[in-house]
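> Dropping the structure in here first, questions after.
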Amino acid sequence: MSYLAEQLREGTKQSHTASENTAFMKCFLKGVMEKKPFSELIADLYFVYATLEAEMFRHREHSVVGKIYFPELERKQKLEEDLAFYFGENWQEKIVASPAGKVYVDRIKKVSQTQPECLVAHAYVRYLGDLSGGQGLRKIARSAMDLPPDQGTGLHEFDALPNAEAKREFKEKYRNALNSIVVDEETQKAIIEEANYVFKLNRDVFHELEGEIKKSIGDRAFDLLTRQDQPGSTEKAVNSNQLVAN
């Protein structure tokens, strides 16, 4: 057993906290979200997940990547449904990756070509986030934007994992799969470093969207919501109020 899951959690705590303390996430976690920045985030994540899932499939028989290849986690189809909701049936003609989104996508492609075992870092950050804190974010988004039932939040909806118990069990299965990965110390270090970089890539996407939120709620409200940093959810005891956790 490699204890890679625990190493990833411990090794990314500071990056996780930094992501939670972006102005975008501070507003989101406090119930402030608008359709324009949210739909733009969904568009970026579509390109990210489409690329990640294509590369994971490409390396599905890789000795490391194959350990955490779970097609039931794939988000591309759900994101397509979200994009159709926000942009209409011809959504493909209306979306482009943002500059930060393009950097994110290019990084996934580069890792796949040069060090595919580091795809583990990308999958870890994205999917465990979706199954954990993403569930709280889904509820906030639905309330903040007054979304119609079953529309607009497919990113965080897993048909194969319909309830909280199923998600908890799958997360344990995923962590066990991570811990079954046997790599040398140098490779393990590279995976953890890549996971930290993934958090940075996410923060860069968030930063690009903060102007839209500021525009919609005004400078004063934005400053009040974002002025104070909070302890990260992976740096404090788990409680019922945590919304973003590994």
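We number each residue from 1, going along the chain as drawn.
Positions of Cβ are set from backbone N, Cα and C atoms, glycine also.
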> Which of Tyr49, Tyr69, Tyr86, Tyr124 does TrEMBL put in the same heme b site as Arg9, His16, Arg175?
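TrEMBL lists Arg9, His16, Arg175 binding heme b, and from Tyr49, Tyr69, Tyr86, Tyr124 it also lists Tyr124.
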> Within 10 Å of the Cβ of His16 (heme b binding site), how many other Cβ atoms are there?
24
